[in-house]
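If you check TrEMBL, you get these features:
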DISULFID  74-405  disulfide bond
DISULFID  271-285  disulfide bond
SIGNAL    1-24  signal peptide
């Protein structure tokens, strides 16, 4: 695919003034009244700070001790980062759902609870359909701050010298929220180093960052196939979700029929967006207790499991093109380093979506529980590792760092959201296995996993 170059000099988006982000000083979210008690269950609508609570106190804090190379002579030679865009406005689809719920609340006969009167009399529906997922100021800051933190974690790779020298490459999805997140990441670095005499290109490449739009088999068998999400629909009609809907209806004093599963989701999203965008603990959050929030999170996790992850094999195989791109960059850096050359691409920053990251994480085998998520095992899945609230907040990132530890000893360290993780199947080597062992572990994917072949239509989708 031909890539289009864009300059970083101009931010071509509008930030609505008056909406600012603040970072509270209390490092324990559960004791901070400004943070909703249910914030850790917001799934893909959650703040990055809920995944790394220490950032609430210091948004630029890093802990370099987490890297732990096997010897002091290990040096970083390449870094690839696949990053989700920052905090955004709701999409048009969700704004429509929110408006319907708002109208129900406005027409209800609420009780004497102060917070309910606030919802009805003071809170106004300020989300508009034309916002449609655009990056907000908090999203700009998400990527600016991430860029600074990564430069502190990996100073030999993400440096002013490397940036000026053209050793840091930027790739993005064409979606405005991704392009503007990329511009924000670059701005974080140029502002850090006071660079005003240079501009830095980025390439728009949807073949890599929006591969799911190009995979015919995925589109036909999963994305546009209602039967692919049967488990999701069953859960939405099940007892757990019905209890949440009825509870909301009781609180609002409206008929049970007035609160659909879409309405329950809309109220949950209103709580999440008000907090993520404006750092406000909204009255919408009072509609849910912790158990309710766990139900809502599970509904979201079910959807992502079946539409983007382990539910169907094609979900992960659709990311083959990105998988090969990542490993080809690692291999190129390894060969250049072993031959004594300077690594031409020290850093690759690739900005996409939750739908970009999750299939890749799945292909690599992360967060694969022994039992699949279904409509009937909510209670049994309370300790599941597959939790999008932990995996995919705004600005979520998978980072792979290649180290040269001398004598041909190359190591590869994966980090998710700035925390070391262990490649599935390589747990005995902790978080920095031998690079050759990683290649051996994924040899079948490296030798196969052809995007064109995998994305051809077949007879029947295969469940795993």
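Including glycine, each Cβ sits where the backbone N, Cα and C put it.
Remember, TrEMBL labels are computer predictions, not curated facts.
Shown here: features listed in TrEMBL, placed on the structure.
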residue	record	CB count, 10 Å
74	disulfide bond	19
271	disulfide bond	26
285	disulfide bond	22
405	disulfide bond	18
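Note: the Cα of residue 271 (disulfide bond) and the Cα of residue 74 (disulfide bond) are spaced 45 Å from each other.
Here the CA atom of residue 285 (disulfide bond) lies 48 Å from the CA atom of residue 74 (disulfide bond). With respect to their backbone Cα atoms, residue 405 (disulfide bond) and residue 285 (disulfide bond) stand 50 Å from each other.
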